[in-house]
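*Asks:* I grabbed these lines from TrEMBL:
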- 7-178: domain 'CSC1/OSCA1-like N-terminal transmembrane' (DOMAIN)
- 12-30: transmembrane segment (TRANSMEM)
- 108-125: transmembrane segment (TRANSMEM)
- 157-176: transmembrane segment (TRANSMEM)
- 199-361: domain 'CSC1/OSCA1-like cytosolic' (DOMAIN)
- 372-644: domain 'CSC1/OSCA1-like 7TM region' (DOMAIN)
- 374-398: transmembrane segment (TRANSMEM)
- 418-445: transmembrane segment (TRANSMEM)
- 466-485: transmembrane segment (TRANSMEM)
- 573-603: transmembrane segment (TRANSMEM)
- 624-646: transmembrane segment (TRANSMEM)
- 726-770: region 'Disordered' (REGION)
- 738-750: compositional bias 'Low complexity' (COMPBIAS)
Amino acid sequence: MATLSDIGVSAFINILGAFAFLLAFALLRLQPINDRVYFPKWYISGKRSAPRHVGNFVGKFVNLNFKTYLTFLNWMPEAMKMSESNIIEHAGLDSAVFLRIYTLGLKIFAPTAIVALLVLIPVNVSDGTLFFLRKDLVVSDIDKLSISNIKPKSWKFFVHIAMEYLFTFWTCFMLYKEYGRVAAMRLKFIASQDRRAEQFTVLVRNVPHESKRSITDSVENFFKKNHPDHYLCHQAVYNANKFAKLVRKRARLQNWLDYNQLKFERNPEKRPTKKKGFLGLWGEKVDSIDYYKQQLKEFDRRLTMERERILKDSKSIMPAAFVSFNSRCGAAVCAQTQQSKNPTLWLTHWAPEPRDVYWNNLSISFFSLSLRKLLISVAVFALVFFYMIPIAFVQSLANLEGLEKVAPFLRPLIEWKVIKSFLQGFLPGLALKVFLFILPAILMFMSKIEGHVALSVLERKTAAKYYYFMLVNVFLGSIVAGTAFQQLHAFLHESATQIPRNIGVSIPMKATFFITYIMVDGWAGIAGEILRLKPLVIFHLKNMFLVKTERDVDRAMDPGSVDFPETLPSLQLYFLLGIVYVVVTPILLPFILVFFAFAYLVYRHQVINVYNQRYESCAAFWPHVHGRIIASLVISQLLLMGLLSTKKAAKSTPFLVVLPVLTLTFHKYCKSRFEPAFRKYPVEEAMEKDLQDRSSESDANLKAYLADAYLHPIFHSFEEIELEEVKVDKKPPPKSPSTPLSELSSPSPTHDAKHHEEAEPSGTSQTSHNIQHYEVGQPGDLFHYEYEQTSHVYHYDFESQYHHDSQYQHNGYHY
């Protein structure tokens, strides 16, 4: 077990490592060549450009203004200057509420740490029970500061019970205030937003199949019938994953073409060439520009054929749709009510914001979703218990004394002071951190298999899995396995009746292991976060080998975002450790406070200067944070009851029984009082916002705004392959009063002739010196496709014959 000197060695190593990281960051951030790594947020917003260099060529890479090195630590006060309202405007509500979790930790633990250290430490030290158990159990000086040092049946346990009540009430008070504050911030943020697509849109899943009717027809008919006053339009969901892969491949080819064209412009006397073989290492040598142009033509043809195949195949339309309404109130009513007699059909949920949609999972069927969730639950359960093996190994490193008694031949090596201090004070926390390194990626992959349709939901589900893993393995697993290794000799040689006593005494002693973990992960780890060593190395490697155009420079500048799947569970683990050990071993609290203060400073800097959030969930993760802090309180209370039972404190233990009941009652009240603000959108708020917009906005403008908001990637006018315009040549239908064209009900093309957009035919088609013409399909159902290379204009013309009232119709689709 780690002694006070071992803790000192660990503290020295981690403080030294954290200082080295901070010093490296303070110097690297001043170099012009690293400016895009440490300030990408400002480049993305357009408020920062490449720094001017002083002097010769070296000045482009190294800061030669030595006066700036005198202020290399000014990032700390600069990180604290921006107000919370400015952070919300600059980085979003998610980032601002994420920072409030750290301030909540400081508000909870700072006052209680002072009281616990002043009251409980003297009480724990006064008894000296561990001195008499030294022959049977492995103890250290730091354990004398814990509740284990109190003798059985002592009246002093009433002090610990009183402190548990005081701490619980203080924590609940702070949680109540914070929950109310965050809920108010969320409603204010939503109300202050301009018109956004997700405010008017609902995601509908499990649309029932009807014979002789397409999915798009079914959606339109259902919502026109059941929401006649508010339904506006809808967007079908297509299974276009193969098309998306082709688009990404074409983008890479376009990038190579741009690179070779720039290369030729710089040296017009020499045309760039390449070999056609694997990786350009062998094969026929060809002109690079002509080669990539030809490849792009082929991909244009393949993209068009794949796109048209999707549009023609009714099986490509998934039983889901994004349905938009003409008011926020109408969308709120639809999203928050049951649509059908059968509760498994026409399932409605608020649509995630467009950039939050995870398109790959929208094509998963309802039955497959249920099966996937079952299989992933089993897989997560197996993974959690599989990781108990490395956790047990880590605990064997943290408890060398227990192994010494069982395996005396290891004593000469272990007893070498430097090795022992390193093994017990630093290596266990580092080893645990290494074992947990790849876990978030595994859990994210599992969450994607489950079928969630929003990136924010994927990250919250991954965070939940990671938290349960941390709870079972890092906390409970470390305590159980660590206690077994630590008191292995006692368990093997004493009677079974003494095991509860040994466990009760040993659990508080695990605080030493968690102290080493906090220093490795919460001190040195957070300092490593601000250094951004991995993004720094990757950025410069890309600059050396992959960057070919200015566009590549922006792509190489990866700002990242707050890593919620890993950061939130780690934060909740620190809350758990602090809450559990505040009464049991209060000496752990100063280490927790250092983490919260240091992490708040670092993440404030990262949110302001680095991170660019991929989505905005309006702090939807907060109820999960609140619930897990409440769970930590209950675990703390149950653990204290268990400890007191091993101490034969029958007179004092019953006073704790009511505390978990009060805590859960408080949680239920908060859940009913504040959580609806995170799950539903108040109709009152929606109607008020609608009235504000109604005077200035028309339904026609709203429909135009929503038409492309949730447009499937296959309809993005080849935006990803960098074309400037998509135009349509439309042929007028035969003039017949019996075959009128109805208004377009969906931004996407439909497969039924009676739901085409009525539009005037284009007067003349454009001409070009280089036009490629393709036809796909059978006679009577032809897609005509022309691509003008010089003007980057695509022309589509779709001829489809449908027998309707003895007439044939020919209509063009606008993609």
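Using the three backbone atoms N, Cα and C, a Cβ is placed for every residue, glycine included.
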*Asks:* Below 8 angstroms Cβ to Cβ, which residues of this chain, lying six or more residues outside the transmembrane segment (108-125), approach it?
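*Replies:* Same-chain contacts beyond the ends: 144-147, 149-150, 156, 159-160, 163, 166-167, 170-171, 174, 575, 578, 582-583, 586-587, 589-590, 592-593, 596.
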*Asks:* Can you name the far-off residues of the same chain, 6+ from the ends of the transmembrane segment (624-646), with a Cβ under 8 Å from a Cβ of it?
*Replies:* 101, 147, 157, 160-161, 164, 168, 171-172, 175, 178-179, 460, 463-464, 467, 500-501, 503-505, 507-508, 568, 571-572, 575-576, 579-580, 582-584, 652-653, 656-657, 659-660, 663-664, 666-667, 670-671
*Asks:* Do any residues, 6 or more residues outside the transmembrane segment (12-30), come within under 8 Å Cβ-to-Cβ of it, and if so which ones?
*Replies:* 37-39, 63, 68-69, 72-73, 75, 425-426, 519-520, 523-524, 526-528, 530-532, 536, 598
*Asks:* Looking only at residues six or more beyond either end of the transmembrane segment (573-603), which have a C-beta under 8 A from one in the stretch?
*Replies:* 18, 76, 79-80, 98-99, 102-103, 105-106, 108-110, 112-113, 116-117, 120-121, 142, 145-147, 160, 163-164, 167, 171, 467, 470-471, 474-475, 507-509, 511, 514-515, 518-519, 522-523, 526-527, 529-530, 562, 628-629, 632-633, 635-636, 639-640, 643
*Asks:* When the pLDDT values for the domain 'CSC1/OSCA1-like cytosolic' (199-361) are averaged, what is the result?
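*Replies:* Mean pLDDT for the domain 'CSC1/OSCA1-like cytosolic' (199-361): 85.
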